[in-house]
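Copied over from Swiss-Prot:
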type	residues	note
SIGNAL	1-35	signal peptide
ACT_SITE	E218	active site, proton donor
ACT_SITE	E301	active site, nucleophile
CARBOHYD	N333	N-linked glycosylation site
CARBOHYD	N519	N-linked glycosylation site
CARBOHYD	N573	N-linked glycosylation site
CARBOHYD	N583	N-linked glycosylation site
CARBOHYD	N690	N-linked glycosylation site
Amino acid sequence: MAMTSWPSTGRQRRHQLASMLLLVLVVVGIYVPVFALLPSLSYTPQSLPSAIPQDEKMISRKFYIKDDNFWKDGNRFQIIGGDLHYFRVLPEYWEDRLLRANALGLNTIQVYVPWNLHEPKPGKMVFEGIGDLVSFLKLCEKLDFLVMLRAGPYICGEWDLGGFPAWLLAVKPRLQLRTSDPVYLKLVERWWDVLLPKVFPLLYSNGGPVIMVQIENEYGSYGNDKAYLRKLVSMARGHLGDDIIVYTTDGGTKETLDKGTVPVADVYSAVDFSTGDDPWPIFKLQKKFNAPGRSPPLSSEFYTGWLTHWGEKITKTDAEFTAASLEKILSRNGSAVLYMVHGGTNFGFYNGANTGSEESDYKPDLTSYDYDAPIKESGDIDNPKFQALQRVIKKYNASPHPISPSNKQRKAYGSIKMQMTTSLFDLVRMTDPADVITSANPISMESVGQMFGFLLYESSYIAKKSGNTLRIPKVHDRAQVFVSCLSQDVDVGVLRYIGTTERWNNQPISLPTIECTTNTSLFILVENMGRVNYGPYIFDDKGILSSVYLDGQILHGWKMIPIPFHNLNQEPNLTFEMQHTKNRSKKFELTNDVGRKEPALFAGEFSINSEEEIKDTYLSFNGWGKGVAFVNEFNIGRYWPSVGPQCNLYVPAPLLKRGKNTLVVFELESPHLELSLEAVDHQDFTCGSNVSKVNQL
């Protein structure tokens, strides 16, 4: 580029210099105000004095630990928080539930991030709809909540596989979850490379609500791999920087804290414990696992209630007892997070499960995650626990509290007539042959690429006149056995339901005498009822996990036929099935007493005349057997009223619409004798032989 020479005279030089200065002022006057408004352009604060006040404001935003206290922008801060899970509440209700938490007096929301919701298949990321974490965090910010983000990768949370994607179970060689297994950590890193950059702009120091990020969850109750924990800290810091508080949560015992804490000064160790425990000796123990001056007392899971499994009495905790226990913490400047402030619903197939001392002692969670929390499953706050906790919290949170919102209106839409549209074996005929897996022996659900729902196993055998004995040593979780006379060229026969064997009650099944011109076909329908989310048995593959024995001999030659339906974060796929089979004649004739045991789809419709009539409702499954239900193709969860205690499934109003609403039920056993369902205006936990009881945890 050629250089321009200046004129020789001083007057000319001064004239041109003045002209150029004027030009520069004009350009600066136009250019800077316009382009300073464009956020996509980078700039330094020194070059743009008008931006300095905003930067100073950002620098002043700081949440930190000092002198055994939490500090927010230079002021001591007491965390009075609550767990509320975006994935258990429809997005249309996020703000409503947060407003109710605000009215309770909370200043902080703690929330898990379930990996399996966001990466249901390897590399397929979902951050829309009920998985829109960023929108949820921004909504918390809008409503002046701080956020404690529990990033996992393991979360527990009574959520399928503790939040791990089930496809991890199919990786070969077998992954060692929750350890420093390098292949497992590489997959965690790939996940966090997506998740944590979404969180970074929402950190408190960056103008967002996130003040703390938790790694793992109650690790001291599971393992002792410090290298694993240090690696998670390193990955989190790599994305989020050194200013964010990284924390762990463990039970309030020396053993669990010894194993679950990270022995570095920049990781904060929080504790959880039973509501009835004296908190202050536990907080004293907590200090031993934090650096000097870095141990503000925090119960990161103050239990407002407890979970309930199918077949148990619904858990209830006394309101005044719970409130008094909370006050023991808050009155001495301790911090606490209510677990849960609002439980919500295990929509889809995402409910978790527990085991006892044996893997076979399997206990799946209810669809409802009400948790006896102060904000009920449907958002109701007109209850003694909300009022008692609110009374205590108001003593310690001086910020203005909004008026408590009124309860959501509910409507009983009445009886819904149902009709059988599709049998299980109609669905089988519709299955693409390319989706059917063949193998000498049964293989797991995960190994055929199916993570949720049902898997049908098919084989054949030569029936004895004296009958046969079938044994499945290891089935996860529940298997219904059918036999029929079928052949490739004769697709007609009598389907017989023979019996059911369960993971927790595994018994041999006697196959009756059946006369077929060809081999007898054997069908075993296995239901995945939810993966274990806590304890040593979280490696919870589903399906038939052993050889199948017929009269003591291994039965070979199997087909695996997927029947997945759709889950919470998948596209609905019922429409084709319903339309394709609605008017088909059934090719199976059902025997009188057992015919009602054939799994089948039932459908019904109900109408809503106006937008004003769209309200929350509940579907009562009294008189039905066991299955899963879909409202307008949304999977609202499992029902099992014969076992209880949950009788009804919650249907939030945003799932409904003006005009015709469609209900589809996949019934595994026995439909209601009148083939009808009732839409009622209340929850009911009195089914089975179970009644409520009060537990003081």
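Each residue, glycine too, has its Cβ placed from N, Cα and C.
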Integer Å distance between the CA atoms belonging to E301 (active site, nucleophile) and N690 (N-linked glycosylation site): 27
Glycosylation sites compared (N333, N519, N690) - highest count of Cβ atoms within 10 Å: N690
Fewest other C-beta atoms within 10 angstroms, as judged across E218, E301, which are the active-site residues: E218
Alpha-carbon spacing, N519 (N-linked glycosylation site) to the residue listed as 'active site, proton donor', which is rounded to whole Å: 53
Inter-residue C-alpha distance, E218 (active site, proton donor) and N333 (N-linked glycosylation site) (nearest angstrom): 24
